[in-house]
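Trainee: Feature list, courtesy of TrEMBL:
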DOMAIN    135-319  domain 'ABC transmembrane type-1'
TRANSMEM  24-44  transmembrane segment
TRANSMEM  56-78  transmembrane segment
TRANSMEM  139-161  transmembrane segment
TRANSMEM  173-193  transmembrane segment
TRANSMEM  199-223  transmembrane segment
TRANSMEM  244-271  transmembrane segment
TRANSMEM  291-318  transmembrane segment
Amino acid sequence: MSDVAGSAVGAVAPVAVHSVFRPWWPGVASTAAWAVAAAVTGLLPDHVRAPAGRPLVECEVVIAILSALSVLIGQAGWFAPLAYHGRRIAVLGGAVAVWEIVTAKTGWLPLPFFPSPQAVLDVYQVDSGRLAQSVFSSLLILVPGFLLGAVTGFLAGLAMGWSPEARYWGHPVIRLLGPLPAIAWLPIALFVFPTISTASIFLIALATAFPVAVLTASGVTLVDSRLYDVGRTLGASEGFLIRTIVIPATLPHVFVGLFMGLGASFIVLIVAEMLGAKAGLGWYLQWAQGWAAYANLYAALAVMSVLFSGVTMALFAVRRRALRWNRETVEW
């Protein structure tokens, strides 16, 4: 009887399992949103004067096609980032369609303060040279100023945290001058320094140095004193203790100060360029506002967003490499 049952079980044919196609709904929504945006831009008539919408339509169609391919092929390989950003891309497509409707197609938002998407995109074709020169001019001020402030603040904070004498003299300066906005020194800087560029570099260095100095000094004071005792027992010199114990233990605090100083340096850069520079992104904003070229203004704001985000990402990459041993950090 058992042989018969065993043979019956063995004779059962395997059941075929058919995979069920489950659409990736964020990709479907993204495809639909960008297809609608392309249809709105290319098919509906313009209510107000606007640049040709063909470049914008081409961009919208490309994004819609990529989203459709991600639905059909899957979220592997080149389409892997869409698996995470799919909903954001869909919302962005809907926002572009709404923006197009309320500006170029209906004129609900008045010109020139609210240009259409194709007007902003047209700036990157017509005025790309001036924008690129403005970015280059801003970087020539931002990078030296930030590096100078970072080095100065780090050395000052290290001295204040390590030496009681340096802390005695440096603490009042930090308390009195640190809270002052760096841009408040602009009139004096313009008088002392020969050019607006050197004055802006000084102000950016000032805005960066104070938070870096405060956080570095705080990090030095928080180092466990028993580590110093062990090092001195083994015959380590003061310089060796600073290089091998103090600086590595203080780096997380230093990077917090660097990020604070970087945000302040962005503000100082734009304000200084708007008030007195003849080049740079701040000057470009002022120039666009003066000529009521608000499409150029929005285009410059988008460039600033990408540029400053890229600089911040670069600093995060440096921190990630310097603090390989510390994984409990916020990512950008």
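Placed from the backbone N, Cα and C atoms, the Cβ positions cover glycine too.
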Trainee: Where else in the chain does the transmembrane segment (291-318) make close Cβ contacts, counting only residues six or more beyond its ends and a cut-off under 8 Å?
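Mentor: Contacts of the transmembrane segment (291-318) (Cβ under 8 Å, skipping residues fewer than 6 from its ends): 112-115, 119-120, 122-124, 127, 131, 134-135, 138-139, 142, 255, 258-259, 262, 266, 270, 281, 284-285, 331-332.
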Trainee: Could you tell me whether the transmembrane segment (244-271) and the transmembrane segment (173-193) have 3+ CB pairs under 8 A, leaving out pairs under 6 positions apart?
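Mentor: Contact between the transmembrane segment (244-271) and the transmembrane segment (173-193): present, because at least 3 Cβ pairs are under 8 Å.
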Trainee: Please give the sequence-distant neighbours of the transmembrane segment (24-44): residues at least 6 beyond its ends with Cβ less than 8 Å from one of its Cβ atoms.
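Mentor: Same-chain contacts beyond the ends: 53-54, 56-57, 60-61, 63-64, 67-68, 70-71, 74-75, 82-83, 86-87, 89-94, 96-97, 100-101, 104-105, 117-118.
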